[in-house]
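As recorded in Swiss-Prot:
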type: BINDING; residues: Asp11, Ser12, Tyr43, Gly44, Asn75, Thr76, Thr183, His184; note: substrate binding site
type: ACT_SITE; residues: Cys74; note: active site, proton donor/acceptor
type: ACT_SITE; residues: Cys182; note: active site, proton donor/acceptor
Amino acid sequence: MKEPLKIGLMDSGMGGLSVLKELLKYDSELEIVYYGDLKNSPYGEKDASEVLELVRSVCNFLQKENVSAILLACNTATSAAAQTLRKEFSIPIFGMEPAIKPAILQNPGKKVALLATPVTQREEKLQRLKSELKAEELVLSISCPGLAGLVDQGDFDKAEKYLRPILANLQEQDVENLVLGCTHYVFLKQIILKNFPNVKIYDGNSGTIKHLLNSLQVPRVILNGSQNNRSIYKLILNSEKEFHFRLASELLSLKE
C-alpha cells in the first residue's frame with residue numbers, strides 16, 4: 001500500500017492553521033505535521049536574521065520527521081527565510097505570497113491596503129513584488145505590530161479594538177480592497193467585515209495551497225460536504241500549553 005505524502009507546515013504560532021484549513025478542503029491523502037513555534041512568537045517584530053535562525057531550526061526538526069516538503073505557512077517566515085533555506089535544504093521549501101497581485105489586477109488603478117507584520121513590510125521580497133506590478137503608488141502598507149500575538153492569545157476583543165481605527169481610516173480614504181499579509185489575520189476576517197462591511201478581502205492561502213498541490217503533483221479535488229477527509233495531521237505546539245491546543249481546535253473548526 002502506498003504511503004501518504006508527508007508534508008510539514010510551520011508558523012510562529014496559530015496563523016498557519018488557517019493554511020492547514022485550506023489544505024484540508026482537498027480530497028488528498030496526506031500526512032501533515034504542523035509546527036507552531038509559540039515559544040518564540042511573534043516573529044513579526046523580530047530582526048529578519050533572528051527569524052531566519054528560528055525558521056531554520058523548525059525546518060531541521062520537520063526534516064527529521066521525514067517530511068517530503070515544507071510549507072512556511074507564515075508570511076514573516078517566508079520573507080525572512082525562504083530564499084536562504086531553499087539553498088540549504090534538499091527538500092522543497094514553499095512559502096506564502098501576499099495576494100497583492102490579484103487585488104491589483106482585479107481592481108485596476110484602485111488603492112489596495114496591505115496589513116502585515118513589520119518584518120514582511122520592510123523585507124525586499126515585498127518591495128520587489130510591488131515593483132514588478134508597478135503598484136508602489138497603489139499599495140498602502142500598514143504595519144500591525146502585536147496583532148498576530150493577539151490571535152495567538154485568542155484575544156479577539158483586543159484584536160477588534162486594535163483594528164477599528166485602522167479600518168475607519170481606510171474607509172475615510174475610500175479604500176475598498178484589503179490584503180491580509182499575515183496568515184494570523186485570516187482568522188480576523190469576520191471582525192474586519194463587521195467593522196468594514198463592503199471591503200473586499202484578499203489572502204494568499206488559496207493560491208499557495210493550489211501551487212503546493214500542483215508542484216507536488218497531488219490531485220486538486222475539493223471535498224464535498226458528505227466526504228470525509230483522508231488526510232491526517234499532527235499538531236506540535238512547542239508552548240505545550242493546554243490553552244493553545246484548545247484554541248487550535250477552535251480555530252480549525254471556525255466557520256468562514
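Cβ from N, Cα, C; glycine included.
For the pair His184 (substrate binding site) and Cys74 (active site, proton donor/acceptor), the C-alpha distance works out to 8 angstrom. Long-range Cβ contacts of Gly44 (substrate binding site) within its own chain (separation 6+, distance under 8 Å): Ser12, Thr76, Ala116, Thr117, Pro118, Val119, Thr120, Cys144, Pro145, Ala148, Cys182. The local packing around Cys182 (active site, proton donor/acceptor), expressed as other Cβ atoms within 10 Å of its Cβ over all shown chains, amounts to 31. In this view, Thr183 (substrate binding site) is surrounded by 32 other Cβ atoms within 10 Å of its Cβ, with every protein chain counted. The binding residues for substrate are recorded as Asp11, Ser12, Tyr43, Gly44, Asn75, Thr76, Thr183, His184; their greatest pairwise CA distance is 12 Å. Close to the recorded substrate site, the chain also has Gly13, Gly15, Gly16, Ser41, Pro42, Cys74, Ala77, Thr117, Thr120, Ala148, Cys182: residues not among Asp11, Ser12, Tyr43, Gly44, Asn75, Thr76, Thr183, His184 whose Cβ is within 8 Å of the site's Cβ mean position. Within its own chain, Asn75 (substrate binding site) has Met96, Pro98, Ala116, Thr117, Thr120, Gly181, Cys182, Thr183, Gly204 as residues 6 or more apart in sequence whose C-beta sits under 8 angstroms from its own.
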